[in-house]
Amino acid sequence: MHMLRLVVVYGLGFAACSTARNIVNLQPDHQGTRLLPLTNANSSAPVLVERGVSARCGSEFGRCAPGKCCSTAGYCGDTKSHCSSPDCQIDYGHCDAHITPGGPPTDKIPRPLIGNVPYGPRFIRSCTVPGTIALTFDDGPKEYTQDLLDLLDKYEAKVTFFVTGNNNAKGEIDSPGMPWASLIQRMHRSGHQVASHTWSHQDLSKVTQSQRRVQLLWNEVALRNILGTIPTYMRPPYSSCTAESGCLNDLGALGYHVILYDIDTEDYSHDSPEAIQKSKDIFDRNLDSRIEFDRPWLAIAHDVHEQTVHNLTEHMLKKLLAEGYRAVTVGECLGDPPELWYRKDDNFDERNARKSNRSKDSVTKAISVDGMCGTQTTCLGSRFGPCCSSTGFCGNMSSFCGAGCQSDSGYCGDNIGAAYTGSGKKAAKSDAGSLLQLSPSVAVVILLALMVLME
Ligand SMILES: [Zn+2]
């Protein structure tokens with residue numbers, strides 16, 4: 001629906017015939033359709049009245065008492081259902097979205113509009129580089145994101161993550177003790193593109209201009225705390241950003257590329273082992289419908305859904321590879337060089353940031369293609385692991401990332417994967433994954449050593 005408004009306002013020139021079906025059939029974002037169980041809550045009225053949940057809020061009733069949150073159904077309360085974004089009504093009470101990320105603001109960062117990719121108020125629906133497909137994942141990181149990163153490593157695929165700062169009760173992405181920051185750092189290290197999906201997933205066409213700026217600026221603060229940089233790419237929640245509301249101009253003024261899509265996998269509607277086949281069919285049908293062999297695509301999915309991560313994505317990767325495509329970031333599918341995907345905050349003291357301790361110099365080195373690292377090459381972004389060992393090999397075990405690790409040629413530190421505070425099963429999986437990422441040269445050395453020992 002929102003997309004329809006965008007299209008009407010902003011020109012039919014963007015809508016190639018192959019994308020028109022997606023425009024008309026665009027479904028509401030999954031988050032917008034999620035209903036809170038508040039109507040059911042009335043059945044246990046005594047308890048709820050005791051806790052003051054029956055107080056009403058919203059445009060007809062006004063604000064909740066201080067400290068109380070206004071649910072999407074218009075009830076005051078302080079449960080996760082009341083307070084978590086995007087359903088919590090930010091104008092009528094407290095919401096988790098009101099929790100401000102720490103650190104200095106980002107609004108003074110210079111935002112020159114450089115490069116050939118259009119910025120707002122124009123928006124981008126399709127890729128331009130032939131033979132590329134940009135898979136994109138919105139709303140995360142969440143509990144399945146680590147598995148998705150493992151899968152993408154296996155296929156050596158690069159994708160784009162449109163990250164939300166604090167939605168679905170996951171807490172702020174830069175919270176200490178939460179796994180989100182280390183997952184976002186891993187995305188970045190692995191060569192994926194990290195882009196913004198706003199702080200708390202509000203509908204940017206329905207909030208005020210200052211609220212809209214907060215939605216972008218607060219997510220920038222959190223991402224800057226994690227990565228040291230802020231993104232230049234964003235996707236509006238619900239694909240809603242009309243010209244009438246001023247949204248597209250505001251995003252342009254903040255120096256953002258506004259990214260939509262031309263394949264909607266509709267994964268948010270198909271999150272069961274049976275139903276996800278419909279999303280696979282949508283993806284396949286689009287690719288099969290192309291007239292030009294190397295017509296590029298920009299597809300949307302959501303890494304907050306289990307079937308998307310554990311089922312649909314591998315199908316999409318196999319399909320696109322079979323059709324001769326490359327899985328790349330949005331920036332790459334638009335021909336935009338990586339240095340333009342982010343803006344640096346030159347005034348930010350990185351020592352205060354919750355960040356990886358990668359060297360500034362290492363990002364300018366070539367990424368290792370043979371598992372070796374040193375003065376000319378870095379392990380950051382390589383498929384062998386992000387750390388450069390004392391002997392000049394890339395890997396991601398403690399023997400690479402710990403004592404003797406070369407911080408000017410990769411990442412050093414002991415928190416790879418360990419920062420993930422999920423279940424023990426996840427941690428075990430992470431460790432197993434790291435074994436597979438030994439560089440071939442090191443694997444041979446270890447094998448030889450083992451053979452000697454056995455003799
Ligand atoms: Zn979203």
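Backbone N, Cα and C atoms are what each Cβ position is placed from, and that goes for glycine too.
Whatever TrEMBL says is automated annotation, not expert-curated.
For 1-20, the entry in TrEMBL reads signal peptide.
Summarising the annotation, TrEMBL assigns domain 'Chitin-binding type-1' to 54-97 (among others). Summed and averaged per residue, pLDDT over the domain 'Chitin-binding type-1' (54-97) gives 86.
A simple way to gauge crowding: the CB of C76 (disulfide bond) has 26 other CB atoms within 10 angstroms, across all the protein chains here. Residues or ranges marked as disulfide bond by TrEMBL: C64-C76 (among others).
Other Cβ atoms within 10 Å of the Cβ of C69 (disulfide bond) number 28 in total over all chains. The annotation disulfide bond is assigned in TrEMBL to C69-C83 (among others).
The domain 'NodB homology' annotation in TrEMBL covers 131-328.
Under the heading domain 'Chitin-binding type-1', TrEMBL lists 370-414 (among others).
What TrEMBL lists as disulfide bond is C373-C388 (among others). Summarising the environment of C388 (disulfide bond), the number of other Cβ atoms within 10 Å of its Cβ, over all protein chains shown, is 34.
In the three-state DSSP scheme, C401 (disulfide bond) falls into the helix class. For C401 (disulfide bond), the number of other Cβ atoms no farther than 10 Å from its own Cβ, over all displayed protein chains, is 25. The feature disulfide bond is assigned by TrEMBL to C387-C401 (among others).
Nearest Cα neighbour of C387 (disulfide bond) among the listed disulfide-bonded residues (C64, C69, C76): C69. A gap of 13 Å separates the Cα atoms of C373 (disulfide bond) and C401 (disulfide bond). All chains included, 30 other C-beta atoms sit within 10 angstroms of the C-beta of C387 (disulfide bond). The number of other Cβ atoms within 10 Å of the Cβ belonging to C373 (disulfide bond), over all protein chains shown, comes to 33.
The DSSP secondary structure for C83 (disulfide bond) is helix. Taking the Cβ of C83 (disulfide bond) as reference, residues of its chain lying under 8 Å away and at least six apart in sequence are, in sequence order, C69, G77, H94, C95, D96, A169. The C-beta environment of C64 (disulfide bond), restricted to residues of the same chain at least 6 apart in sequence and closer than 8 Å, consists of A55, C57, C70, C76, Y92, G93, H94.
DSSP labels the residues of the domain 'Chitin-binding type-1' (370-414) in these numbers: 7 helix, 8 strand, 30 coil.
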